[in-house]
Amino acid sequence: MCGIVGYVGRETAAPILLEGLRRLEYRGYDSAGVAVYNDGGIQVVKTKGRIQALAQQVEERGGLAGTIGLGHTRWATHGAPSDVNSHPHVSANGRIAVVHNGIIENYAEIREFLQSTGVRFASETDTEVVAQLLEYYYRGNLLDAVTKVLHRIQGAYALGILCADCPDRLIAARKDSPLILGFGDGFHVLASDVTAVIEHTREVCYLDDGEIAELTADHCWVYDAYLRPVEKERRHVDWEISAAEKGGYEHFMLKEIMEQPKAVHDTITPRIRDGAVVLDELEFSTSYLKSLEKIYIIACGSSYHVGMAAKYVLEALLRKPVEVALASEFRYCNPIVSERTLALVISQSGETIDTLAALREAKRLGARVLSIVNVVGSTIARESDGVLYTWAGPEIAVATTKAYSTQLAVVDLIGLAFAKTMGTLGDEEYKALLEALERLPQQLEEILTHREQIQYLASIYFNHPSVFFIGRNLDYAVGLEGSLKLKEISYLHSEAYAAGELKHGTISLIEPGTLVVALAGCRPVFEKTMSNVVEVKSRGADVLGLTIAPLESAVGKVVDYTLTVPETHPLLLPSLEVVPMQLFAYYVALMHGCDIDKPRNLAKSVTVE
Ligand code: F6R
């Protein structure tokens, strides 16, 4: 989604802004621009296309002098991707420049109003109304104009504002869209994402909804919506800059797949002490956990797929009903939630707007919220009653891999810890599951060493236009993720089906040459799954099987090729099975020459509904 970067200090702003935008590229965008104050006015360069094209245009303009400016990557919502619709947008007199993430919902009404006063709009965007409205309200006091605009606009926004009449300061404001302030020696930065600023500073603070910030080179003031000063807590970010670089890999996605053993290790190890899971971060009492009526898992996309696996795991371990909801549906389905509901919210970015809105709705209805989040200090983390971080480090590829794996690991930790508290798991079973969990990083390493085999199979199957992933129980949950990985990065059509459901309609699509990926590692349903595999095989499908090593020969008798993962505790199967699925998707996309880290139309952090 859109990205914002801003700088005010003593150095030339343009190179800092362009570098910040490069670091935000992974979020997905279709155009980019910068605005810099210099010599009495604001200079804007913006273009449809890549940052490289923008950098070239900046160079052609002599590099843009000036020590204060804003940059933006746009992911089009209102108005097609084009030079003129790119941000920054300037007011009619050219004195005020604005960058914006989010959507101004009442922009049409404001636009009409401003047009009736004679304002002429240059673009089709919702954002331009903010720049024009600022000019309309500006009477020499920028903050006053900003608050008037903020009271008039509705929707979600992170805003960066530069005014030629106050050339020593940037204004920032947020509602429902993330914005971070970074503190340096003689400079301040603002950004929608911490990766854009860690090269310059690790001291940051997160703006909360309704807050406005005023930044000069040496000072930072934060106010509430009525301009009352607000004290902000600073946080130290300890992500390494190298984690946001490719480190010799062709793509971030492959690098992040390869980082999974370490990410899972880093996520579980600090939380296992003396043979037990210890979740110091949480303060849920035994009586509260025992009184729970249900757990409602809320998430989107791959995080939702983690939720699908979590349902099987948590119901098995806690013997409590678990419902899994797509965040975008949860808000509008009149959900049955009470004080005895625990909402388990899963999000890599911690900023997905649908998930955040669903979290707020769950809280409003009385639930307590436990979140699993990767980005420290993100909005979902801050608004939860308890948060368990996944220590995956920054995830840059749009398609998630290591965040998914660490989310699964946290689900397993929650299952173990809560089961102990609630007394739903015997000591022997607890020990066996915990030991299996601790073995995962090494087993993940083992799977990754055999990735050439998956590359070979991808070279055989990459031309199939349509792929079905089938499996039962936890295999089905992994199939959902395998299918999403494949379609999002290779653009092949694929679908995941519960294997037993196929014959209720979808099997009519199976014909000679259709590729079916059969996940058959789940022992309790193995025979049943294999019956479904035989059904597709006898209709001529090409079948690629995925199972655990001890079942290889049984699967191999039915399918064309078999991939295996080491045996683990049945509840941990997704943690291993997902890796060959990620690699398969990766190599298929590679063979199609796709833009793997930045698939078309997709964004890393989805901050619009
Ligand atoms: C797919 C993918 C997305 C995200 C989804 C939720 O590879 O990454 O489906 O899982 O957009 O994002 P978060 O987890 O940041 O809330």
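Cβ coordinates come from backbone N, Cα and C, glycine included.
Automated prediction, rather than curation, is the source of TrEMBL annotations.
According to TrEMBL, the feature active site, nucleophile maps to Cys2. Under the DSSP three-state reduction, Cys2 (active site, nucleophile) is assigned to coil, being neither helix nor strand. Contacts of Cys2 (active site, nucleophile) defined by a Cβ separation under 8 A and a same-chain sequence distance of 6+ are given as Arg27, Tyr29, His72, Thr73, Arg74, Trp75, His87, His100, Asn101, Gly102, Ser192, Thr607, in order along the sequence.
If you look up TrEMBL, you'll see 2-218 marked as domain 'Glutamine amidotransferase type-2'.
Look at TrEMBL and you will find 284-424 (among others) tagged as domain 'SIS'. Per-residue pLDDT, averaged across the domain 'SIS' (284-424), gives 96.
Annotation comment: TrEMBL describes 457-599 (among others) as domain 'SIS'.
Positions annotated as active site, for Fru-6P isomerization activity by TrEMBL: Lys604. Of all the Cβ atoms in the protein chains shown, 26 others lie within 10 Å of the Cβ of Lys604 (active site, for Fru-6P isomerization activity).
With DSSP classes pooled into helix, strand and coil, the tally for the domain 'SIS' (457-599) is 77 helix, 29 strand, 37 coil. According to DSSP, the secondary structure content of the domain 'SIS' (284-424) in residues is 66 helix, 28 strand, 47 coil. Under the three-state DSSP scheme, Lys604 (active site, for Fru-6P isomerization activity) falls in the coil class.
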